[in-house]
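> According to TrEMBL, the record shows the following:
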COMPBIAS  A:391-400  compositional bias 'Polar residues'
REGION    A:381-400  region 'Disordered'
TRANSMEM  A:12-29  transmembrane segment
TRANSMEM  A:49-71  transmembrane segment
TRANSMEM  A:91-116  transmembrane segment
TRANSMEM  A:123-144  transmembrane segment
TRANSMEM  A:197-217  transmembrane segment
TRANSMEM  A:244-264  transmembrane segment
TRANSMEM  A:284-309  transmembrane segment
TRANSMEM  A:347-371  transmembrane segment
Amino acid sequence: MLGLNQRDTKFLLIVIALTLFTPILLQPFPADSGLAQFNAGYPDLMQRFAIFGIFAIGFNILFGLTGYLSFGHAAFLGVGSYSTVWMFKLLNYNVLPGLVLAIIVSGLFALLIGYVSLRRSGIYFSILTLAFAQMSFNLAYSVLTPITNGETGLQVYNDDPQILMGENGITTTHFFGLKMNASHIMDVGPWQFTFNFGYYFCAVIAILAFYLSLRIFRSPFGMMLRAVKSNQQRMNYTGLSSRPYTLAAFVISGMYAGLAGGLLASMDPLAGAERMQWTASGEVVLMTILGGAGTMMGPILGAGFIKYFENIFSKINDQVLHGWFAFLPDGLENALVWLLHPFVGKGWHLTLGILFMLVVVFLPGGLVELGQRIRNMFRKKPKADNDGSHKPQQTPHVAE
Amino acid sequence: MGLLEVKDVGKRFGGLQALSDVNLSVQENTVHAIIGPNGAGKSTLLNCLIGKLIPDTGSVTFQGQSVLGRKPHEINQMGISRIFQTPEIFGDLTVLENVLIPCFAKRDGSFRMHAFETVEAEKDLNEKAVAMLEDVNMQDKLQMQASSLSRGDKRRLEMAMSLVQDPKLLLLDEPTAGMARADTNSTIDLLKEIKEKRDITMAIIEHDMHVVFSLAERITVLAQGTPLVEDTPDNIRDHPKVREAYLGETQQT
């Protein structure tokens, strides 16, 4: 179906089903129960899952296939956001022109950065992309203030032209009249599910992005990109010029990042320079490696995992901990809370860091490898699986 | 005129004259070996042939076209294929994919953005690749990861990757360096088999006399950067100058 073989079609259908039922799947605990804070099925977070999923899928096309580690992908995310907000300012709150412009502008930007950076490989490539991203970040704060609105962040003001707005135009972001913040809340017994239009909009785009990347992975073009990672010298002596292949991969992944940035601005019409900072670039590297670089599912899992931690784990504070351990004697309760305190709340980075180290050391193939191992444990007889892409491939050295 | 013509090539590295006045003509459909003791300039000459080095003087032409200053992929597209000292393959990819890549390169040129096709849909290329792998007796390893092959199989795979492109000239850079005698013999057999099956020109750079005399139809002896003599293997064997410069030494060691 759709140019995919049977196995990939099944894979795609599973992904579609999971995406569509996310508002239910992420809401496993009743609304009033003590565990309700672990529910992740609220619109803001679900939108982030989908958006950062797109970002990571795009990053994986570059890093997972060609092995070129870009440390400046957040620059494209920022460029995408700015482009979209500018469309809101100039036209109206319809997200479509903004998203199209975000993809085009970030693609052009990626072409420029890629053309220069791809002259080097390995660590030098990473440093070059990092330098470009930091440059963009600092420019956005200083000389480019007329375009980026500096520290305040770019947002829509009442005196903006908004030439397509008309008299009673919609004043929040929308897709041909369908508002992004429109939600339908459904109560099933003690459970509460929120179906948000913004999430489904992002989810449909994420599915399209996933399908596109699946096609690229299975295409001759994808095979060539894997050849770049495997042995670039051999590739050149086979009559192929590796530079245009890597540049194409770089531009495609830049466009994915731009789309993700545009969607971020579409959900919340505000763009700040901090979106381009190197920590944001590092985050997508973490997502991809944590989930499993070079696999289809890995980056999405990684993105979900990190965003879940960022939003849920960080909300656990001492009071919540005291609540959990209230049944213990006071001394023991205080000791436990004291022990766990650095790992939760504001300390969620510590937990994430430890988990990241554990994954890199024990599961070089990321979370996907964990899933595979569990599956093999239950099957006893591991099935010979030669399709390279679903299988965690050996994670390349970070400098590769 | 030969397929590959090397004329008055000279190359100097600082104070060392690595090559001087090298004239060489590889005739079509012959196996031409370039031999010489260590430091004779064999590798420098090879690097000049594949565009890695540009000689200070002289010219290198392939079918009348200069190869100097061209990129490796352009030289390959002209019809020169190179076999490396240690097998160079795409280790992360399957055996079949390893052979498919040169097929695509041959058909589509050095770059094509075929992102919306599938590899399986290219029936012709798949058949061609499988047939090639059958030729080198690897048809039962199609889906194996290339890095897990034995060394001999890697060499076969590399040959298949070159031959599937139907190159006009096959450049072999010490194809048996560091191999055990048995592996060397099987490589010789493989090359002989290839030579019998198709019309192909080979240029071999080698210092193993056993390999050279089993394969070559024409031999150029290089010493101190200049060709000492060029002749058939039988004549080379008995040539007094060659014996003095090279063979005598090898037989003693």
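Yeah, the Cβs are placed from backbone N, Cα and C, and that goes for glycine too.
TrEMBL does not curate its annotations; it predicts them automatically.
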> Same chain, outside the transmembrane segment (A:91-116) by at least 6, Cβ under 8 Å from its Cβ: which residues?
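Hits for the transmembrane segment (A:91-116): 72, 75-76, 79-81, 83-85, 128-129, 132, 156, 162-166, 169-176, 180, 201, 246-247, 250-251, 253-255, 257-259, 261-263, 265-266, 269.
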> If we skip the immediate neighbours and take only residues 6+ beyond the ends of the transmembrane segment (A:197-217), which ones have a Cβ under 8 Å from one of its Cβ atoms?
2-4, 8, 11-12, 15-16, 19-20, 22-23, 43, 46-47, 50-51, 53-54, 57-58, 60-61, 65, 95, 173, 175, 178-183, 252, 256, 259, 263, 266-267, 296, 300, 389
> Where, among A:12-29, A:49-71, A:123-144, A:244-264, A:347-371, do we find the most CB pairs under 8 A to the transmembrane segment (A:284-309)?
A:49-71
> Same-chain Cβ contacts of the transmembrane segment (A:49-71) under 8 Å, 6 or more residues past its ends?
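The answer is 19, 22, 40, 77, 117-118, 121, 125-127, 129-130, 133, 199, 202-203, 205-206, 209-210, 213, 216-217, 222, 225-226, 228-229, 245-246, 249-250, 252-257, 259-260, 263-264, 267, 278, 281-282, 284-285, 287-288, 291, 293-295, 298-300, 302-304, 306-308, 396, 398-400.
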